[in-house]
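Structure record follows, encoded as structure tokens.
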Amino acid sequence: MHAQIHPPAGTQVSGNALILATLLTLCFAGIEALAGWLAGSLALVADAGHMLNDAAALGIAAGAAWLAQRGASKGYSYGLGRAELIAALINSTALLVLVAWLTLSAIERLRHPLPVVGLAVSLVAMLGLVLNVFIAWRLLGEHHNLNTRAALLHILGDLLGSAAALGSGFIILLTGWTAIDPLLSLAIGGLILISSLRLLREAMRGLMEGVPLHLDLDQVGAALARLPGVASVHDLHIWSVRSDLTALTAHLVVHDLADWDETLTQAHELLRREFSIQHATLQPEPITRRVRWQVRRSPIEETPRCH
């Protein structure tokens, strides 16, 4: 059975959302830098640099989404969908660098407090909060895509930063306690760190062709071995072609090769229905071959046994 690899249907939608997010983030970074310079606020200027870094990350994600739209070719038989995994890896690494910078900056601010213009910080933070909520809403519909999730993490970091800046701006206005700004930055950095490590793990697993986290190799093998006419299963491999396409190859040892067409149809239906595996290549073999997953059948029960 042959299946052609096509680009994901939602890639163009996520690509457009990422382009819009990049442009809006760039514009706001310019506004924030100008406001910080006019108000004499180093905090706003520093956050503008943070926004500029995020705009670059969003641009990388948008470029990866554009590459993923291209279908299979003679040189890339699976297409370029893995560009999204590479972008997720780059962005998650950039987030870790950002967390380190936030932590060091916050510690320095605690040791050597700087004057903060509370009113200017509050007004710009309010504008940033509205903007980041809008961008996050646009990207949220594509959160199943690992590349877009990486970009969304950048935006959520900005959103939390804007919310923290808004809160700290009001506190500074009311109390003059400037230490609240670096303390909130440390808390936000911790949240970003946890999400970044999780994203980095998923991206690395995909690039190393590991079994997707939501699937269990033994469960899939045992399910295939329980199909009528199948004696055992071996050489089973499962990996992600891209975040929304899982592929599988396996050798099925069958009792009668004459029934292979029916067995193949049942196997593909099982993989799609039970495990959402859309692209499977299955090879039949006579019953004399070595096995890994085997089912011993009795009149009462069927029990899978792994070798």
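Backbone N, Cα and C atoms are what each Cβ position is placed from, and that goes for glycine too.
According to TrEMBL, the transmembrane segment annotation covers 17-39 (among others).
Residues annotated as domain 'Cation efflux protein transmembrane' in TrEMBL: 18-208.
Taken from TrEMBL, the feature transmembrane segment covers 51-68 (among others).
Among the features that TrEMBL reports, transmembrane segment is placed at 80-104 (among others).
Residues or ranges marked as transmembrane segment by TrEMBL: 116-140 (among others).
Feature annotation from TrEMBL assigns transmembrane segment to 152-177 (among others).
Here the transmembrane segment (183-200) has long-range neighbours at 88-89, 91-93, 95-96, 98-99, 102-103, 105-106, 109-110, 146, 149-150, 153, 156-157, 160-161, 164, 167-168, meaning same-chain residues at least 6 beyond its ends whose C-beta is under 8 angstroms from one of its own. Residues or ranges marked as transmembrane segment by TrEMBL: 183-200 (among others).
Among the features that TrEMBL reports, domain 'Cation efflux protein cytoplasmic' is placed at 215-286.
Distant neighbours of the transmembrane segment (51-68): 7-8, 11-12, 14-15, 18-19, 21-22, 25-26, 28-29, 32, 79-81, 83-84, 86-87, 90-91, 94-95, 98, 128, 145, 147-148, 150-151, 154-155, 157-158, 242; these residues of the same chain sit at least 6 beyond its ends, with a Cβ under 8 Å from one of its Cβ atoms. Note: the domain 'Cation efflux protein cytoplasmic' (215-286) comprises 28 helix, 30 strand, 14 coil (DSSP; helix = H, G, I, strand = E, B).
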